[in-house]
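A.B. asks: Annotations per Swiss-Prot:
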REGION    1-30  region 'Disordered'
COILED    43-349  coiled coil
REGION    227-460  region 'Required for targeting to microtubules'
REGION    357-453  region 'Disordered'
COMPBIAS  404-420  compositional bias 'Low complexity'
COILED    533-570  coiled coil
COMPBIAS  557-568  compositional bias 'Basic and acidic residues'
REGION    557-599  region 'Disordered'
Amino acid sequence: MADGGGGEEGSASALRGSARRRGAVQPAGLDADELLTLMHGSDPVKVELNRLENEVRDKDRELGDAHAEIKALRLSERAREKAVEELTAEYEKLDEKLKLTESLLESKNLELKKTNDEKKAAMAAQFAAEATLRRVHAAQKDDDMPPIEAILAPLEAELKLARQEIAKLQDDNRALDRLTKQKEAALLEAERTVEIALAKAAMVDDMQNKNQELMKQIEICQEENKILDRLHRQKVAEVEKLSQTVRELEEAVLAGGAAANAVRDYQRKVQEMNEERKILDRELARAKVTANRVAVVVANEWKDANDKVMPVKQWLEERRFLQGEMQQLRDKLAIAERTARSEAQLKEKYQLRLKVLEDGLRGPPSGSSRPTEGKSIGNGPSRRLSLGGADNMSKISPNGMLARRSPSFNSRSSLSTSSSLVIKHAKGTSRSFDGGTRSLDRGKVLGNGPHLLNRSTDAVRDCETTDDWKAANTEEKGSEATNSSSTDTVSGVLYDMLQKEVISLRKACHEKDQSLKDKDDAIEMLAKKVDTLTKAMEVEAKKMRREVAAMEKEVAAMRLDKDQENKAKRPGNFKGPGTTSQAPHGRNAPRGGLTRNLQ
């Protein structure tokens, strides 16, 4: 009992401690809980904790019921012990009465034997008298014999006396028969009482055995309750660890998103710095050309018209430079033709898409219409954040923040505006130095997703600024390359460096996306582990229930077997006084064992 009380107090204190811990953890993870409830409505951790608390409460109730049953069984056992003591006293009294009746029966049997012997002697005397009478009748013929009356008178007197004694003996026999019948009835009643006492003693033995079995079952239940408490504490600790890891992973995901945003900001800054660098390089080249021209003019001012001759080295350099520019212009013409064709095709595609979008916008104006996501939304970097089994598709906005899926009207309007800007500035891009590659890249961007259209518009603006600068540069040069407005003075080394930086930035972005995907996979694995843990806990609970049901079935089968054995043993307990004298010793032994168990 003391152990049971200590176990209950320990379980109650463990429950209070877990409740305090949950109360301490709950304010810190309030946003996460709200996010979980928004995502999939319920928290599996809370559901599991509530289920375990309900199981602990059920076990506590079962323990209280078992203690109440133990108290009731103890009271009933005390009453049965008192009844057994009373029955043993009555049994001893009946044994004494039986011994007295047996002694009386023996004395009466001796008297009956004596009366039977006397009866036999009287019958023999009667037969002898009859023989003498026959002799007398046979001897009447003789004259010498005395008279018959003289002979018969004493014989008749003896006969009367013998008849009187016989009558007395018959009366005594009748009285003895009555006494024997009364004694037999008393013996039957005593046997019935003895049988009832033995049956009650057997019932008391059965109840004592059942009480011992119940005590053992209560101990087993207490041990199981302790084991369940330990398992409950372990599961609570595991759930807390898993929740902590989930929070850490969420923080890591948020940090990864912030890092991705920072990387995008750095990419933009690098692009802006590269543009500024291009502009500065072009201004420097322009300044060098003007300085060379000024130097040539200053050198030729003091000479005559016939002596104004350019040095051969400078002439060769300018000729080489002009030939290179002519070759570049030819290449640019070929690239411009290709880009014009591709842009014409893109223009047709975008016109078709604009028509489709306009038709969609002219449709039902209500917000309940199904969002039409065009085919341009392809393999964009939309990640799936799976937390607790919920899939949330998110798009990366141009400022790098994670945003939810916008409504259909906003997506259509953004697509239409971005595509109109692209079509508006399609011809301007063909005048740039790397216009073909940029147009192709822009086509890839438009194929990869609608969230990259802002970048394409930024590229168009960059091309426009470069075209304006090129026009100004050609006016200052005054060379034959003024006919085409697509010249570019950016050196090839700088362009290669910029291309390498762009490739490295793309690799960094790819690595960041890969790390984010790995983190998403880790979150999915953790969610799967939580699901497997919940399934394992359910399987363990089912196993425990099955084991309890099997134990109950075994106990019921054992009870039935013991009842059958007791029923089979009961007829063998009534063989004689020897067995009855041995019965109290058998009853005293289990009672002593029960008292030892109770102590």
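Positions of Cβ are set from backbone N, Cα and C atoms, glycine also.
Are these features on the surface or tucked inside, and what are their neighbours?
C.D. replies: Per-residue confidence over the coiled coil (533-570) averages out at a pLDDT of 82.
Cβ atoms under 8 Å from those of the compositional bias 'Basic and acidic residues' (557-568) belong to residues 202, 205-206, 209-210, 213 of the same chain, restricted to positions at least 6 beyond its ends.
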A.B. asks: List the helix, strand and coil residue totals of the compositional bias 'Basic and acidic residues' (557-568) as derived from DSSP.
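C.D. replies: Tallying H, G and I as helix, E and B as strand, the rest coil: 12 helix, 0 strand, 0 coil.
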